[in-house]
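Per TrEMBL, the features are:
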type: DOMAIN; residues: 37-502; note: domain 'Major facilitator superfamily (MFS) profile'
type: REGION; residues: 229-262; note: region 'Disordered'
type: TRANSMEM; residues: 33-55; note: transmembrane segment
type: TRANSMEM; residues: 75-95; note: transmembrane segment
type: TRANSMEM; residues: 102-120; note: transmembrane segment
type: TRANSMEM; residues: 126-148; note: transmembrane segment
type: TRANSMEM; residues: 160-180; note: transmembrane segment
type: TRANSMEM; residues: 192-210; note: transmembrane segment
type: TRANSMEM; residues: 321-341; note: transmembrane segment
type: TRANSMEM; residues: 361-379; note: transmembrane segment
type: TRANSMEM; residues: 386-405; note: transmembrane segment
type: TRANSMEM; residues: 411-434; note: transmembrane segment
type: TRANSMEM; residues: 446-466; note: transmembrane segment
type: TRANSMEM; residues: 478-496; note: transmembrane segment
Amino acid sequence: MYASREDIGYDFGEDSKVGSKPTKPNPNIDGGWAWMIVLSSFLVHILIMGSQMALGILNMEWLEEFNQSRGLTAWVSSLSMGITLIVGPFIGLFISMCGCRTTAIIGGILNALGWILSAYASNVHYLFLTFGVTAGIGSGMVYLPAVVMVGQYFQKRRALAQGLSTTGTGFGTFLMTALLKYLCTEFGWRNAMFIQGAISLNLCVCGALMRPLSPKVLHEKYVVRSDSGENQAKALSHSTETMKSNGVLGEEPEKKEEAANEEVLGSVQHIEIGGKSGSGRSMYGLRLFKTVSQLTITVRKGFALWYSSYFGAASLFTNRVFVAFIIWALFAYSSFVIPFIHLPEIVKQYNLSRQDNVFPLTSIIAIVHIFGKVILGIISDLPCISTWNVFLMANFTLVTCILTLPLMHTYIGLAVVCALIGFSSGYFSLMPVVTEDLVGTKHLANAYGIIICANGISALFGPPFAGWIYDITQKYDFSFYIAGLLYMVGIIFLLIQPCIQKTQPREKSTEEAQV
């Protein structure tokens, strides 16, 4: 059976509303424009995640150009990857205030600017600022909206939709590796980065495709998702307790604040209507005041939603399984990005460059990664399969491959392990689905922002750590062993916490105590 929230011990409340009137499903949910959202997200993954996974090509160019240590040079790639994900919680604030479309368009411009400025780098530290920070922030401003929009537009086929959109990472890694190799060979790495910056402007087009759903449609989506027959009885007994513990009953202050805001705008409109006979300068001042008032209200509401998700009564950190998920994310992502950054160097050390030039190992990971995401997404959408269990099995397979990779010294052995890494890492397509199941659609943007922030911290320190270990031991073996062991610790947290939460007795709600 599919694992419900109660099955793995979590319940966040806002999806437990019962007694709602049946609503007509919106045609754009699971169809219509939803597939354009999938296309937009797919292209975002090609241009952002694909480019970042191909940075091993540029990393070798930077080593030759600036003649710095491997540990220091690896910081350029890890900063870009890490900051893309670390800024997730703050991008959640932008999304709350400006929406996904505006945030993504601004991010596309910033990302392209980072690539173009990096073409003029005179040292590694310059790249830290232009490529690591500037392009990284821009990437984060596009990546999170791309994931969140797919979650908003899909209900029944979420895992498949996320799987299809995130296959862009695999396609992008394969395409961008070949493209950057060609551009660096023909035009040099500086011109290659300039051209890549121009290509990245297409992220603005992807952002323009992210047409927002109306609040009414989003509300209907919550109602439809909460009306499953199996969970309705549990929701009846849990509803009052959950709403109180998670702040859903605290909507009264928000309504009062909205009423006050509407009163302010209403008074401005009344003054504007009454002053039509006044001077043009006065009318201009009133319109300016009205615009500023609306902007202030939007910012306040967006910040209030963002703040309450992290620190309010409905804080995401009150969900223990979600906290365990964060701890897992802190260790997991570095195990995936380390091979992409350092495999070209490992191949060179093993004298396998001739075979790798014919079919690069990173391209093997990328191609199989595509199939892994789609297949795992299809399997997870089956009614008899638990998404949580598929997610855990894929993680176990990946950590085994990371620990096995240093033992392989032939191209065939490395290719087999890389293929398994590519397939098992397809669980990335399940991360938004698991996150949404943990906290609900309403909190998806902020919750997934926290998860990718933890992944970003992992990506930030993983490659430099591997380079630092190499500088000490002159081999990468210990880097993979340590990364794999830390990854295993994160998986153990995912296994233990749901079991602990299941065994804890549930406190009685107020209604049950009165009865």
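Yeah, the Cβs are placed from backbone N, Cα and C, and that goes for glycine too.
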Counting Cβ pairs under 8 Å that are 6 or more apart in sequence, does the total for the transmembrane segment (33-55) and the transmembrane segment (411-434) reach three or more?
no
Between the transmembrane segment (446-466) and the stretches 75-95, 102-120, 160-180, the largest tally of CB pairs under 8 Å belongs to 75-95
Would the transmembrane segment (361-379) count as touching the transmembrane segment (411-434), if touching means at least three Cβ pairs under 8 Å and pairs must be 6 or more apart in sequence?
yes
Under 8 Å for C-beta pairs, could you tell me which stretch among 160-180, 321-341, 386-405, 411-434 has the largest tally with the transmembrane segment (192-210)?
160-180
Contact between the transmembrane segment (126-148) and the transmembrane segment (75-95) is defined here as three or more C-beta pairs under 8 Å separated by at least 6 residues; is that satisfied?
yes
For the transmembrane segment (102-120), could you work out the same-chain residues 6 or more beyond its ends whose Cβ comes under 8 Å from its Cβ atoms?
44, 48, 91, 94-95, 126-127, 130-131, 133-146, 190-191, 193-194, 196-198, 200-208, 210
Range from 321-341, 386-405, 411-434 with the greatest count of C-beta pairs under 8 A to the transmembrane segment (160-180)
411-434
Which residues of the chain, 6 or more past the ends of the transmembrane segment (411-434), have a CB below 8 A from one of its CBs?
147, 150-151, 158-159, 162-163, 165-167, 169-170, 325, 336, 339, 343, 347, 350, 352, 355-356, 359, 361-362, 364-369, 371-377, 380, 387-388, 390-391, 394-395, 397-398, 401-402, 404-405, 444, 448, 451
Take the domain 'Major facilitator superfamily (MFS) profile' (37-502) and average the pLDDT across it for me.
77
